[in-house]
Each structure stands twice: as structure tokens, then as C-alpha cells.
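Feature annotations, courtesy of Swiss-Prot:
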BINDING   Gly37, Pro38, Ser39, Gly40, Ser41, Gly42, Lys43, Ser44  ATP binding site
DOMAIN    5-253  domain 'ABC transporter'
Amino acid sequence: MQTIIRVEKLAKTFNQHQALHAVDLNIHHGEMVALLGPSGSGKSTLLRHLSGLITGDKSVGSHIELLGRTVQREGRLARDIRKSRAHTGYIFQQFNLVNRLSVLENVLIGALGSTPFWRTCFSWFTGEQKQRALQALTRVGMVHFAHQRVSTLSGGQQQRVAIARALMQQAKVILADEPIASLDPESARIVMDTLRDINQNDGITVVVTLHQVDYALRYCERIVALRQGHVFYDGSSQQFDNERFDHLYRSINRVEENAKAA
């Protein structure tokens, strides 16, 4: 099975606090993987490293590879990092859309990397690009909102627009950081259904950070759980039982309670 993401000996320190400890991870083509863990476990930090949004410590031997290209090595971004990012869709918890633009215009932003610079200066997109953007919106059930400002949409609708933008980008990997954290249950279900549909029918690899264990178990065949910056569990979601759940979350809660009591 083809390895799409390879992480070796990744460490990260923030203000003398080590957020990641020599993390090793391989993710294969077509997988839908949930990164789980309590707040502060390092899951979002790990996800940001995968696309080079942040760099790791200058650790000997640390290396991240995405789609066969080096993203960063020993704390330094690769010179051709843009080539890796060109095929990586990143979905943020807070949507990261341009409120003053329409839904369609926001989706077209996904084509900027493949559009000549002079065209991007004037937002001149081709008819073919606009058609692809409409197809992406149809895919996520948002085509009827194409000419509406994104500022008028609900959180769940905005998240689906962000997914359509990743499709417009022709992403081979989607990295989603807490995409349902601020959504109501029905909106969260629709967003996760959309990500799973893209994964299963398009073969796009999806890595998603989640707080909600039930969604991870329902939508992702594989779980990578982090605890205090270490990989605590990496395996089938079916094998992530109550005992592992308790050890991952409740032991952390006890540490926090003891710290408050002290």
C-alpha cells in the first residue's frame, strides 16, 4: 500500500513545553484517519506539521514527507514546499473563508495555485474553472448558495464550502483540524458524511483531528491517539475499546484535578 504521509522522529517544543516527542507515523493512500486525544495532547500540532504550517524542532533525523515530497527535515521547510501544499487541502476549525466574497468566489480560491498570476490579480477565472467550482459545490450540497455571501451561512454550511474549495484545489490529501468542533450535531454529521464520501468515492486520503470519539469510531477505520505528545494508540477503530478510552482521557483528567488541588 502506497505511503502518502511519512513522519519520522518529529518533536516540537513551545516555550520549554514539549508538545510532541519523537513521533513516527505512516498514513497510506485512501485511508481516513482520526487523530484523537485530550486538549493539549498534540494532535492539532501534529496536523499543522504535515503541511508545513509550522516546523518541528531541529532534531537529528526528523523528517516529514507528503505525497513523495519532503515537507520539512530537521526543523527546516523544504524549498519546494509549495508543490506539496498544491495538492493538500487544509480545513480549519474556523472555516478560513473570505466573508465579503460569495460562496462561488471562495471556492474558486482553490484554483489560485494553478492559475497564472496575472489572472489572479483580477480574479479572472476561466469558464472551465467556474464550472468545476459549481460541480464541487454540487458535491457538498451547496450549489444553490453559490452567489450568496459566505458571511450569511451557518457554520456547517461554511465548513462544506471549505471542503468544496479543497476539491477545487484537486487535493490528493485533506487535512481537517477540528472541522466539527463548533457545529451542532446535525451539521457535524453532514460534514463528516461529506468527508467520508470524498474519501470512499474519490480515494482522497483524509486525516481529521477530533474531540468526539463517537464520530471517530463511526467514520474512521483507523485511529491515532496522542497522549502528552506521544502516540498512545495507532490501530483499528474497532480495537479502540473502553479500556483504552479510559486510559487516554480519564488519567489525564485525574492529573489535571490533582494539579488544581495542589
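Yeah, the Cβs are placed from backbone N, Cα and C, and that goes for glycine too.
Recorded features from Swiss-Prot, shown on the structure.
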{"residue": "Gly37", "record": "ATP binding site", "Cβ contacts under 8 Å, 6 or more apart": "Lys43, Ala225, Leu226, Arg227, Phe232, Leu248"}
{"residue": "Ser39", "record": "ATP binding site", "Cβ contacts under 8 Å, 6 or more apart": "His211"}
{"residue": "Gly40", "record": "ATP binding site", "Cβ contacts under 8 Å, 6 or more apart": "Ala19, Gln228"}
{"residue": "Gly42", "record": "ATP binding site", "Cβ contacts under 8 Å, 6 or more apart": "Lys12, Ala19, Leu20, Val23, Leu226, Gln228, Gly229"}
{"residue": "Ser44", "record": "ATP binding site", "Cβ contacts under 8 Å, 6 or more apart": "Asp177, Glu178, Thr209"}
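When the binding-site residues Pro38, Ser41, Lys43 are compared by the number of other C-beta atoms lying within 10 angstroms of their own C-beta, Pro38 comes out lowest.
Classification of Lys43 (ATP binding site) by DSSP places it within a helix.
Within 8 Å of the Cβ centroid of the ATP site, not counting the listed residues Gly37, Pro38, Ser39, Gly40, Ser41, Gly42, Lys43, Ser44, the chain contributes Thr45, Leu226.
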